Amino acid sequence: MLHLIYISIIVVLIIILISYTRKPKYFRITAPRSVALFHGIHPLNPKNYKTFSKEFETILNNAIEDGDFKGQLTEPCSYALRGGKYIRPIILMEIVRACQLQHSFGAPIYPAEAALAVEYFHVASLIIDDMPSFDNDVKRRNKDTVWARFGVAKAQMSALALTMQGFQNICRQIDWIKEHCPRFPDPNQLGALLCTFVSHSLNSAGSGQLVDTPEKTIPFFKIAFIMGWVLGTGTIEDIGMIERAAHCFGHAFQLADDIKDHDTDTGWNYAKIHGKQKTFDDVAQSLQECKKILHGKKIFTSIWNEIFQKVINVALGT
């Protein structure tokens, strides 16, 4: 009888042990999505800029439908997010795609949540930048700015909601990786690193807005480049070089914008100080340095030619 009890206890312990080992070795820190953001989208297929832009629009629409923004802030946040070029999320998604052609974590990584995060952060900064206490702009993307359409209070709260939701999206991205990519190395540590880095970058962007310098532009490209690299490789190696590439690209982007705004800017403007030709030469030089780094890390793909051309087109006013 005693032997039967021992055997029964052992059997129960074995069942418990097997059940435990079959449980997912992760815990969620965010609520799961009620809709698939990327239904019908495959992250490893090569894409041009137009295709990527349409895919991100689908992701964005699904996220809004899933309730990323609630109550009275749904309309102003959705309004602010429509009609962008989506260059930052496209850069992030393409870096992840290019990295995965060299690395595999058991399943393709869909960086939809991270792509949303970088766009949310960027758009939040635009809302603040347009406010009466900053640039006092009433038009952006050929429509009323958020504060001009919905009022200052809702604009402020919308910028806050976008920023908070951006951090939620980063956490959701880490949860998704833990669930779908079992060979991804220590996603919790990388999630903490990303949140810390993003916080630092947003602080830099905020400081740049206060004095109207390029530091309000470059940090968002750093977020896109570095999040793409870390999510695509699963490592923090070479972050310094990727950050340098992001700085070069962001610098070129800002200089191109300064050329475009040469005749209308009332604040600090590089092209006004150094002249349009010198500024254009610096744009080309910065893009060339960015290209060299991306080539060195084997993540320069054909879509970068389109992305670089868009920067050149801004400078040319075309």
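Placement of Cβ uses the backbone N, Cα and C atoms for every residue, glycine included.
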Among HIS122, HIS180 - the residue Swiss-Prot places in the same isopentenyl diphosphate site as LYS85, ARG88, ARG141: HIS122
Local backbone state of THR217 (dimethylallyl diphosphate binding site), from DSSP in three classes: coil
Nearest of the binding-site residues (ASP129, THR217, GLN254) to ARG141 (isopentenyl diphosphate binding site), judged by Cα-Cα distance: ASP129
For LYS85 (isopentenyl diphosphate binding site), the three-state class that DSSP assigns: coil
Rounded inter-Cα distance in Å - ARG88 (isopentenyl diphosphate binding site), THR217 (dimethylallyl diphosphate binding site): 11
ARG140 (dimethylallyl diphosphate binding site) CB neighbourhood, other CB atoms within 10 A: 18
Where ARG141 (isopentenyl diphosphate binding site) falls in three-state DSSP terms: coil
Structural state of HIS122 (isopentenyl diphosphate binding site), classified by DSSP into three states: helix
